[in-house]
């Protein structure tokens with residue numbers, strides 16, 4: 001028992017040592033890390049967090065500060081935690097995929113229990129969660145941060161990921177596929193570079209077109225743009241959901257000779273022929289076939305199946321929470337954050353940051369049997385990377401109106417915002433948001449706009 005406790009401490013406090021143990025002792029250590037749990041197979045925590053992504057880790061850190069590490073547990077199966085926003089730049093060859101990940105052991109707050117397994121079942125009526133490794137965990141409060149599901153399998157004919165390079169396919173939405181985008185870009189000779197956007201909710205709705213602008217820039221830089229067609233085939237009826245930024249993007253698209261096909265949904269890939277089949281959503285059943293020399297796939301996405309299969313879900317399968325307090329609409333001791341929820345705002349890490357401070361406050365009030373008083377305004381942000389040195393920083397709220405941090409027109413392309421996206425935000429993520437110290441730019445916005453409004 002003491003040995004185990006010591007090992008756990010070592011692993012949590014010294015990530016480098018933990019990696020070394022992991023290498024030398026292999027699977028034995030992994031088991032040590034969780035078997036304390038499956039031995040008793042029943043455990044109880046004051047706060048149980050489901051998911052070790054952005055929302056889950058940020059809330060674990062905040063709950064540890066509020067209630068003590070021994071009262072908090074996180075269920076997460078993945079060995080690695082990724083900073084996904086940087087994948088746009090990985091796909092364009094600016095950053096390495098390795099730089100986007102850190103061991104999960106290094107981001108779970110020291111002392112917080114890591115249950116290394118998948119969630120199998122949530123039963124909010126009995127306040128219990130079952131995991132794939134046979135544990136039954138009861139909780140007083142539950143924070144659901146399970147993210148969303150990528151569904152590459154819903155695109156007919158899409159080859160196995162191992163074969164993507166050969167067929168010139170990439171996708172910035174997964175650590176397994178993001179480097180394939182960069183390969184396809186480097187191997188581009190001439191023809192169509194096609195970028196898709198699915199007919200489902202997605203996370204980071206700007207990402208499918210960011211890589212398109214970077215591809216355009218790369219092809220110009222390497223002298224291949226003259227023999228290339230850059231095409232954005234999107235299911236949406238608009239280029240971007242917020243008019244102010246959409247107007248700016250339409251200008252860029254026209255100036256750079258990029259072809260936009262609205263209401264086009266990718267339904268099939270015929271890899272051997274390098275053909276992509278798109279359905280016309282305005283005339284269902286009608287399809288159009290495009291030849292491609294490079295295809296960037298944004299997969300259909302959907303709710304986490306564990307939530308979908310529980311009484312926590314709304315009719316769409318998303319976690320049904322109050323859009324202002326993030327408390328569950330039916331179970332007052334259940335809360336949600338991030339992509340897994342039905343909050344009617346864009347699913348981004350920036351939204352999670354703003355949500356984390358609201359949820360922190362909501363839980364503080366609930367712990368004291370008081371009414372939650374702070375309200376989430378739907379703040380979300382999307383740094384629209386438009387070249388290798390420029391970004392349009394889109395920020396908006398539930399109203400669909402811009403909600404900008406800086407007292408300048410953020411619909412203009414700026415190198416300052418690119419620097420923020422590429423160099424500042426990763427630091428803020430690892431050292432601020434994940435540690436529970438960054439709750440979005442609300443306070444900064446107020447200071448920036450003093451005497452401006």
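The count begins at 1 with the first shown residue.
Glycine is treated like the rest: Cβ placed from N, Cα and C.
In this model, the domain 'FAD/NAD(P)-binding' (45-158) carries an average pLDDT of 98. Taken from TrEMBL, the feature domain 'FAD/NAD(P)-binding' applies to 45-158 (among others).
Residues or ranges marked as domain 'FAD/NAD(P)-binding' by TrEMBL: 243-350 (among others).
Helix, strand and coil counts under DSSP for the domain 'FAD/NAD(P)-binding' (243-350) come to 25 helix, 37 strand, 46 coil. Per DSSP, the domain 'FAD/NAD(P)-binding' (45-158) is made up of 35 helix, 41 strand, 38 coil.
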